[in-house]
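Working notes, beginning with the structure itself.
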Amino acid sequence: MEYSSLQRQVAYMKKGLFDQGYLDEQFDELEELQDEASPNFVEEVVTLFFRDSSRLMANIEQALERCPQDFRRLDSYMHQLKGSTSSIGALRVKNECTKFREYCDQEHLDGCQRSFQKVKREHAVLKQKLESYFQLLRQIGPTERATRSGS
Amino acid sequence: MANPPASTRTEAFPVGLRVLVVDDDPTWLKILEKMLRKCSYEVTTCGLARVALEMLRERKDHFDIVISDVNMPDMDGFKLLEHVGLEMDLPVIMMSIDGETSRVMKGVQHGACDYLLKPVRMKELRNIWQHVYRKKMHEVKEIEGHYINEDIQIMKIGSDDFEDRHVSSGADINYVRKRKDVDNKEHSDQEFSDPATVKKARVVWSVDLHQKFVNAVNQIGFDKVGPKKILDLMNIPGLTRENVASHLQKYRLYLSRLQKQNEGRTSSGNLQSDFSSKDVAGNFDVLSSTQMQPSGVSSKFICTGQKIQAQGIIPDDHADDFKSSLSLQVTGSKQALVGDIPDSQGVISVSRLGILLPFKDMIPDAGKKSLEPAISRNQSWSGSIPVMQFMQHPRHDHECCCLIEAYSCLPKPDQEQVFDHFDTPPSVISNTCNTENDISGLLEFKLVHTNHRSSDTKTASQLSCMTDTTSAQVDSGSSNTQDYGVAFGIDGLTNIKDYYHTQTSSYLTPPSGELSLKNETDLVSSPEDLQFCSPQGIGSFENVGFNSMEIFQYDDSTSVTEVHSNWYDGLEFNSDYLYDSVDPVIDECLFA
């Protein structure tokens with residue numbers, strides 16, 4: 001069956017996200033998990049991710065302000081965040097998290113601060129892009145979505 | 001796709017495998033749940049390690065396998081791993097985004113059967129059933145091997161001793177370690193070969209059952225005996241001829257070994273065959289039969305245990321002798337109870353103390369005799385002695401509240417007097433598993449009766465005090481690294497409850513002398529699952545030679561508390577010891 005123009009748009013958008021490194025194959029895995037029993041699975045997971053990661057980032061922000069010398073704590077928070085990013089395949093965010101942790105290891109506060117800003121930025125950008133993506137998906141409609149194959 | 005309900009688990013294994021997923025990350029939890037459901041597994045998710053542990057404890061047989069993240073805020077994943085392995089003996093898979101060799105190694109060391117890296121793929125989850133299957137296979141083998149190897153003390157004692165006592169050398173530690181959690185379900189060997197039977201069902205040769213067996217054998221006549229005849233006489237529903245046959249084989253081996261060993265047995269730590277009920281043996285609901293030398297034996301019982309379910313097993317049989325009472329109900333994670341019973345010369349005769357059964361009037365009757373391993377919790381200390389010295393299992397830290405209590409049965413000559421004045425506030429029971437001398441090593445506590453009603457922390461600190469001393473000893477290279485003598489006062493015990501974060505599991509049973517087979521088995525099996533310090537570490541006790549150490553964890557329970565109130569009458573709790581984190585020390589010792 002032919003892809004409607006909407007579907008093509010979605011596919012294109014998705015491809016872009018992959019090509020630009022915003023997402024990795026974990027995202028595909030999520031889409032494969034989506035089925036009739038949970039038709040909105042990916043969106044639900046992504047929503048959950050952003051909610052939880054925002055909380056984690058707020059923790060980090062706070063820690064940076066209040067106890068910036070506590071690198072262990074910072075590292076621990078970031079470890080959590082990193083684990084979370086791996087759940088949806090948020091590649092860019094994950095990479096920034098890794099860099100942050102490296103700065104933590106070096107106890108390079110300034111590096112941490114800067115790195116964190118990048119994490120925040122990547123996080124925000126991804127959020128925006130995925131929101132558009134899902135919006136588009138919703139326009140397609142459930143039946144079409146269900147028949148859409150994973151990539 | 002929705003998972004079939006548990007009732008349809010008759011489908012081919014591994015469909016319906018019951019998985020518990022523990023992860024603080026809600027996103028991962030959702031994803032894993034979905035993945036596992038797609039594998040046709042039955043999934044339960046949990047965001048908190050503590051809650052997960054509770055769940056596991058409450059519904060012991062409800063899960064087949066646990067998958068847990070390593071980094072969790074409320075509890076370290078490795079700790080959870082240990083707990084699960086010890087208490088429930090379930091396969092545990094660890095997960096982490098961190099794939100560093102050292103982490104993976106740590107996981108394996110703590111007993112993980114696999115270590116997955118995040119992001120986890122569904123295909124990796126599909127095969128987790130193999131861990132469940134493998135474990136079952138091992139269990140079968142172990143049980144088989146176990147039957148053949150072991151020296152069934154129970155026979156000798158003719159007592160209520162529990163099923164398997166490893167009287168033999170500490171080399172049995174591995175053996176012990178592998179002993180599975182035996183519950184009192186029936187099992188047939190055939191069942192095990194069928195992995196579809198995910199539930200464990202084993203025959204536990206409990207005291208009662210064994211007694212029936214022995215009776216049947218005697219009735220038939222030992223030379224004329226055969227499994228079929230025994231089976232018929234015993235008339236136990238569900239027991240198969242194979243069960244009886246293998247048990248008979250063991251019995252025969254045991255008896256023949258007894259004969260050979262009888263002369264050879266010295267006091268150097270082996271259980272003597274002449275363990276008469278008088279010697280408390282009967283009262284020991286001990287995992288291992290500890291032999292207590294009749295005269296002037298200083299018995300030190302070191303119970304380190306995660307869980308000491310000492311349900312007073314002393315059944316009627318020994319009632320005359322000891323009026324034993326039960327138990328310790330110590331529940332918690334399984335741990336071995338180390339019983340160390342040196343004789344007056346400092347010989348240790350306990351190879352393995354499973355559960356100490358409280359002896360009601362033991363002490364007075366027995367005089368100095370040994371073992372009074374049974375600590376009569378139900379009763380006042382008038383008869384009993386033992387100082388409970390708990391050893392802390394190194395792996396468990398405060399969270400798991402492993403208080404290791406070692407019961408020292410006043411072995412020391414000096415302490416003998418203690419017995420005499422049990423009515424008076426006792427006793428210092430000093431247990432140290434130091435090699436220096438039988439006494440010096442002992443931690444002495446005076447249990448202070450009144451002590452602990454106060455805050456938890458106080459008690460806890462007192463308790464901890466004990467442990468610390470031990471750890472200090474450990475540091476100095478004493479063999480008994482695990483000896484933390486903790487004497488609890490009644491209150492102390494109550495507080496231990498708080499101290500132990502672990503929730504009381506359902507293991508606790510009222511101390512009223514109930515014989516709870518299930519608990520027994522739990523207890524029995526626990527030592528095996530424990531990985532405790534190698535015997536060498538412990539065995540280096542000069543005075544005490546234990547063959548195997550079982551660690552009990554003293555868990556709290558209301559019943560225990562009750563018991564304690566009686567028990568600790570007059571005990572003074574000595575809070576001289578400081579409890580610091582023993583873990584590092586122990587860790588070294590244990591995991592060196």
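Cβ coordinates come from backbone N, Cα and C, glycine included.
It should be emphasised that the depicted structure is a prediction, and the values quoted were computed from it without experimental measurement.
Lifted from TrEMBL, the feature list:
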type	residues	note
DOMAIN	A:38-133	domain 'HPt'
MOD_RES	A:His79	phosphohistidine
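The Cβ of A:His79 (phosphohistidine) lies under 8 Å from the Cβ of A:Arg101, each of which sits 6+ residues away along the same chain. Counted with DSSP, the domain 'HPt' (A:38-133) comes out as 84 helix, 1 strand, 11 coil. As a whole-number mean, the pLDDT of the domain 'HPt' (A:38-133) in this prediction is 93.
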